[in-house]
Amino acid sequence: MASNKVVFSALLLIIVSVLAATATMADHHKDQVVYSLGERCQPGMGYPMYSLPRCRAVVKRQCVGHGAPGGAVDEQLRQDCCRQLAAVDDSWCRCSALNHMVGGIYRELGATDVGHPMAEVFPGCRRGDLERAAASLPAFCNVDIPNGTGGVCYWLGYPRTPRTGH
């Protein structure tokens with residue numbers, strides 16, 4: 001009977017400790033906004049509806065140059081693109097903005113959002129090259145993205161998944 005009281009007391013102490021720690025953390029983070037990507041990283045909220053127009057031009061030029069970093073892109077255009085990407089205030093939203101931009105490029109060209117990576121979306125530019133150029137822009141621009149590896153957006157690893165347009 002005494003051992004049950006000890007176990008019960010220990011469990012009660014653990015529960016009270018967890019609740020106290022949770023309350024302390026909630027109080028500590030009360031001024032910070034914590035959200036999932038889906039709540040904030042939407043066109044018109046986390047980034048503009050027509051996102052990154054200068055980056056669209058960079059991606060198209062890189063694609064025709066078959067993704068060579070800096071290939072066929074003049075310095076002013078690169079700087080403009082990098083400023084636009086860095087201006088997406090929430091670094092968590094940068095890959096979402098680039099994904100939305102790629103969907104916009106496809107719509108502008110009359111291409112579907114999904115297709116084979118080797119399919120051309122415009123002369124000299126294959127779908128896979130376009131997506132690779134877009135996903136690599138954070139590394140190209142040296143801007144922080146917490147949701148990718150080596151400055152490359154996470155969605156590049158899923159080239160055959162449907163694009164949501166945001």
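Along the chain as shown, the residues are counted starting at 1.
Heads up, the Cβ atoms here are built off N, Cα and C, so glycines get one too.
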Quiz item: Cys82 forms a disulfide with which residue in Swiss-Prot, given the options Cys125, Cys141?
Solution: Cys141
Quiz item: Disulfide partner of Cys41 per Swiss-Prot: which of Cys63, Cys81, Cys93?
Solution: Cys93
Quiz item: Disulfide partner of Cys125 per Swiss-Prot: which of Cys63, Cys81?
Solution: Cys63
Quiz item: Choosing among Cys55, Cys153, which residue does Swiss-Prot name as bonded to Cys81 by a disulfide?
Solution: Cys55
Exercise. Find, among the disulfide-bonded residues listed as Cys55, Cys81, Cys93, Cys125, Cys141, the one whose Cβ has the highest number of other Cβ atoms within 10 Å in the structure shown.
Key: Cys55
Exercise. Select the most exposed residue of Cys63, Cys82, Cys95, where exposure means the fewest other Cβ atoms within 10 Å, treating these as the disulfide-bonded residues.
Key: Cys82
Exercise. Starting from the Cβ of Cys153 (disulfide bond), draw a 10 Å sphere and report how many other Cβ atoms land inside it.
Key: 24
